[in-house]
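Taken from TrEMBL as is:
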type	residues	note
TRANSMEM	9-27	transmembrane segment
TRANSMEM	33-51	transmembrane segment
TRANSMEM	72-91	transmembrane segment
TRANSMEM	103-119	transmembrane segment
TRANSMEM	155-188	transmembrane segment
Amino acid sequence: MSPRKRQVAIRMLIFLAVFSYIGYIASQRLPSFDFWVIMGFFALFFTWTIIETIIYREPQTRVVEDDDQRSYLYLQLSSMLVLFVALLDFLEFKCTRVTLLEPGITILGFIFFIIYITVRYQAIIHLGSYYNPRVALYEEHSLVKEGPYRKIRHPFYLSALLSVLSLSCIFNSGAALLLTVLAVIPAIG
């Protein structure tokens, strides 16, 4: 097993443990709608993580230029913070949750999540072993102009934005949406 696949497997096991625990607590404490939102998100996210792991191709050549400037790290941290805030707001505090928007806002969030998956899937498939969530240039790399790369230079950034936007909508969290604007968008820019 490659180091990356081992890291993904560990991350998936941690994710499974955390969400199993959250699911157990949710089944005891939450109204039915909230419980099924959490479980629906868990199922979709976990399924996508498995698919992404299967379709990902290890690079065959080395990176000759990495122009990331820590944006990937900042993007990952800010995205995790959005998820944390969205879940806290949805499950516990309900400070910025507008229940009048439900279930429409939640359905919109799941639609955004499916679009995120589609964009990311296309990016991974079209780049193959050159796919990297960081901005990097590989040896023998040629500019890809097919698929999502016809219009967007790095679809990972679009997919990251769609991901956090979907979280804000799925969990109906204005606080997470504000955090998306203040923390995630600057990481992309």
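FYI, residue positions are counted from 1 along the chain as it appears here.
Placement of Cβ uses the backbone N, Cα and C atoms for every residue, glycine included.
Automated prediction, rather than curation, is the source of TrEMBL annotations.
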Checklist outcome for this item: Stretch winning on C-beta pairs under 8 A with the transmembrane segment (155-188) (pool: 9-27, 33-51, 72-91, 103-119) is 72-91
Checklist entry - Counting only pairs 6 or more apart in sequence, are there at least 3 Cβ pairs under 8 Å between the transmembrane segment (103-119) and the transmembrane segment (9-27)? => result no
